[in-house]
């Protein structure tokens, strides 16, 4: 009923009950190690997959996720995440598919179906209202039952209809005053009884807060091990009748059922972790990346670009691969492709680069620029039980690393005596340019950076709390030193593990023995960078700006403070557009919405999210027209932060956050209040054009009770009226009649994707159950209400064309269940 470590349940050899392995998660199967782990496939982030609106693609993604899980020896994947982006600022917003429960639930259900067809258990998370990072362990989400049902529980409900998952993970937070991991109404009454689901409920890591209340509420498994709340505490609760034995039996039975469920995989205990990286997997990752790219704007059809004309690439996201967000979603990918690499690989003419601006939150990692004493790329990582001041220290471990950032939460070495240990990281740096270099150190623990035995950064005393490493780390402390081009310098980071820190860790879950990050960059004038980019752009025949966010800016453990791009980025984009407005394409990468004060100047804009291993190739495929963009926004992009419905209620205030927008989340709010967004939910252009015609709505006869089996079927003719093959996403919206309660103007109820050659026409069919298409949650009755009346139907897609129809509901009926 609790784990033995971070990733395994306890085995009972005498009963032939094996341990089970679990692994994150949202956009790739990391395996059992955050630190120095086996590389894995990195999928586009969830908002990117949400932008595909492609249930079949998500099924394929789930199947590959299953193969990756088996390769890592993992029985259970801790994903997908299907929380709702009630604010653009949520640190984990990129982990969820959409702001709408129907889009999110259908995609998640197909993802889980593909995963579980491989025999691997899927885990829907985080159940429920885990929609912010601020005080996430303690905050109480104050939400009406109507909003809880119609918005936040809906994606879980719809996903379960498609694929009852083997597992569900509870959220960290409270809902209306009670932590979800001990909330009987949510776990037992709704999830198990009303939805008739019989899988395993686990807590999020350190998201169990009681013994008896959690057991009695229905929490089967405390995560992670070793237990804090079970073991002897649970034995005492049983002996004192705080927990009945039959309740304990139910919790154990669910764990054993999961053991039996995954048993056909045949994964042995302590299975070795392997890398796949197969050609067909790379093809799928590239296709997913390309199909997620949203064409936001394309005046004068300046896209697609010409491969045979010179190209100037500008921007901070060009030569790095922003492949994923931060936190649980992060992993070590098999490889990455930057946008610059993707463009260069396709172009047949010259491709130049100008930095334009830097956008790092912390200094770029120094590790890739270092060499070991014997000339290998990277640095040595030497572990000791004693601090550097101790004479004749004994070396207990030595590793060779490339990445100068590591979260040691799962680092184990039997020669280490305790959580308190010390590491010397040593490498040699030969700069290519002379100048003053800034160096930065961020630690969970302590760190001192020395260059040729001179202390440049001291992060060992008077430490300041930062946000890195799930909020465990210090801020990045910096120092500077002048370096000469061509001269080699010895760089050493003296690191002490987490217990050596003087940070106040009360209220913070400290994951393991610590973490480190060290980086460096040559000081350079921002004005100089922008001016150089503007000068080059003014003479260029084709310009692509790559800008946006990275895992530093969007990460678990920390919400964003604003929607703006990193400092200097907007100025750079604006000035480049002024210099060459007719030939400049702006490509942004972020997992959630950003402000664009310069957008009126741009003729072409694409949004490319965090695109996984193949992000650069996927972007280039769209920019050059090898893939016709078909993606649609899964979240609304407001003009400014103040326009979003959660603006007044997004953070914990005295331990609670009020979901004051009620059911008016995302597009529901903008349409109800006539607040025009920058780009609406469902927006996305194509290189071709489509027509939609001949909408027909058919319904089945009504029964006395409203159950499954009363489908509403919409058929429509879709034709590719352009000259380029492409895919159209057909969206079905339902407009409710006037009722006794306020309802959204319209709500998405179904969608489908169809690929058409130029001139080709197909009939498209979307089927929705009447109860799902018409109902709202009646708090007085505690039931869904499908009210009598005439319901409007709207069918939309690429462009402004909208088809309208209607259907009737003859009598008001109420229902509960899945």
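Cβ coordinates are placed from backbone N, Cα and C, and glycine is handled just like the others.
Features as listed in Swiss-Prot:
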ACT_SITE  204  active site
DOMAIN    374-534  domain 'PA14'
CARBOHYD  176  N-linked glycosylation site
CARBOHYD  453  N-linked glycosylation site
CARBOHYD  472  N-linked glycosylation site
Listed in sequence order, residues with CB under 8 A of the residue listed as 'active site' and six or more positions away: 125, 126, 130, 169, 170, 171, 172, 181, 223
Neighbour tally for residue 472 (N-linked glycosylation site), based on other Cβ positions within 10 Å of its Cβ: 26
In the chain carrying residue 453 (N-linked glycosylation site), residues 6 or more apart in sequence that have Cβ under 8 angstroms from it: 490, 492
Other C-beta atoms that fall within 10 angstroms of the C-beta of residue 176 (N-linked glycosylation site): 17
Length of the line joining the Cα atoms of residue 472 (N-linked glycosylation site) and residue 176 (N-linked glycosylation site), in Å: 27
